[in-house]
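Data first, discussion second: the structure below is written as structure tokens.
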Amino acid sequence: MWLFLGIAGLLTAVLSGLPSPAPSGQHKNGTIPNMTLDLEERLGIRLVNGSSRCSGSVKVLLESWEPVCAAHWNRAATEAVCKALNCGDSGKVTYLMPPTSELPPGATSGNTSSAGNTTWARAPTERCRGANWQFCKVQDQECSSDRRLVWVTCAENQAVRLVDGSSRCAGRVEMLEHGEWGTVCDDTWDLQDAHVVCKQLKCGWAVKALAGLHFTPGQGPIHRDQVNCSGTEAYLWDCPGRPGDQYCGHKEDAGVVCSEHQSWRLTGGIDSCEGQVEVYFRGVWSTVCDSEWYPSEAKVLCRSLGCGSAVARPRGLPHSLDGRMYYSCKGQEPALSTCSWRFNNSNLCSQSRAARVVCSGSQRHLNLSTSEVPSRVPVTIESSVPVSVKDKDSQGLTLLILCIVLGILLLVSTIFIVILLLRAKGQYALPASVNHQQLSTANQAGINNYHPVPITIAKEAPMLFIQPRVPADSDSSSDSDYEHYDFSSQPPVALTTFYNSQRHRVTEEEAQQNRFQMPPLEEGLEELHVSHIPAADPRPCVADVPSRGSQYHVRNNSDSSTSSEEGYCNDPSSKPPPWNSQAFYSEKSPLTEQPPNLELAGSPAVFSGPSADDSSSTSSGEWYQNFQPPPQHPPAEQFECPGPPGPQTDSIDDDEEDYDDIGAA
């Protein structure tokens, strides 16, 4: 992650660059080009044809710009001009008289016979009484005695040049300031800046604006950084920028290739020292006409390419490129660009072919003789500038590759983080296991639960399971439809009649009043809604409580149901049956050895035990007991069946507490 952040920061720094250049109105002398022109027009004087605005031939503005005659020029006038143009003081002023070839048209050196017939430039003053321009007076006077022009170079002279290229129109940009040559930093360097340099050097327009290390690194100070030209400036120092001696080094020296620069290459051969001659000029590649392609021209080309001397000039092919160049050399020139040349001259190249040459540095001739092997092996197939030059497209390609690599790293990091998160989620987020089989209870095994039981038990309420003990074979008594239980470790099926008794449990107060009616069971609701009283049935009422011993509580209702949800009713006669005083004989229940005490309406009733023929079981294995009620005459409406029955209570022991044995094992 830290590596990714570091690469992102580096890419941001490369793309953003250094701070923005200086404001557009800032330059060395505190004026912009328009202000400089206004100053020259206001003063009526300027320096032209020099390397900068502080060097050149002096011209004054009368009706038009006229050159100044040197007949009445003195040192005070030179100092006044330099100060007026903000080019320094007189301490660094020199007088440079141009040669006669630079005189205006019609002027001839040493020809005095035509002096009276020629009107020369007006002198700006006969004599300046001080170093300020306002003390100088312009006189309209002919230059009869001295026909030379005034050439002034002020102390603050500035110049520009291109070095280490194959011609004066290509190379590393250098500026002259304060009498010392220095370089220009390539920060924010573009074609607009390069165009100003090419125009200033009269090299056409800029073809390429090059960053550092395309040419040999320079030496000395760095005069400019973050140059921001608009392309209309006359001089490079008129462009806004900053001093370059703080954040820039010589590995970032700016370079320029102008349209008038010429570079050459040999194509179609076995190496770079053999093939068809092509020239790069004004931004395009052109062929060279062989109409005047002689040994002198071939010799200059092979020498400038570092391929030794010319050994052959094979006949070339027809021209395959649009442009055509014509050269005429003497053989001593350093490059073809210094020879006489013409570009796209149809008369000179009308019946020509593309020129070809074989130099001594070619591999074809290295095995034949070593005397003609060049002193250095060529690296490029043309001049050093176009071949070794890389423009800003390569820089953009580098940034694109860096962005792609950064994107791949980001994608890999994202996938890795997602995998880690998924692994962490699978480790700590385990599914919760829920056991619906175990029921939590606060009671210990074998202890009765006396908490109040709600009247209505929700259907979702857990079932209370009773695990009976395995009865002996001799103690079990059942009808022919008895089905033996499989007393395994699995919990037994809950008794339906037991839950019915718990749901319809009555309070102790109602039991004492002996006036309560048991609400109808859910299992026999369809029978309880009968409006008439059924006929008397001699059969005894059937209870759903199994025999548990000699003493137990009886539920005195004639309405019950089996576990198979089949309702039945033992309807007594109009009179209660006679009570059998004979106590029930003791008989162990076939389900448990210890008989439970069932609480019915809070009133205990003790019986000796049921008879053997009164006990039976259903097909589902649930026991129920048929017993005869005690000899008590309850109200007749209490024994209506299938209506809600009335309870019967027998008080055996007043000190005995009401309890309900659930039959804990």
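Using N, Cα and C of the backbone, Cβ positions are placed for all residues, glycine too.
Looking up CYS339 in Swiss-Prot gives a disulphide bond to a cysteine among CYS329, CYS349, identified as CYS329.
Per Swiss-Prot, the cysteine from CYS258, CYS289, CYS302 that shares a disulfide bond with CYS359 is CYS302. Per Swiss-Prot, the residue from the list ASN111, ASN556 bearing the note N-linked glycosylation site is ASN111. Noted from Swiss-Prot: CYS169 is disulfide-bonded to CYS203, selected from CYS136, CYS198, CYS203. Swiss-Prot records a disulfide bond between CYS198 and CYS258, which is the match among CYS136, CYS143, CYS258. Of the listed cysteines (CYS143, CYS154, CYS185), only CYS154 is recorded by Swiss-Prot as the disulfide partner of CYS82.
When you check Swiss-Prot, the disulphide partner of CYS229 from the set CYS239, CYS248 turns out to be CYS239. Highest Cβ count within 10 Å among the glycosylation sites ASN49, ASN228, ASN344: ASN228. Per DSSP, the secondary structure of the domain 'SRCR 2' (160-259) breaks down as 16 helix, 33 strand, 51 coil.
Here the Cα atom of ASN344 (N-linked glycosylation site) is found 30 Å from that of ASN49 (N-linked glycosylation site).
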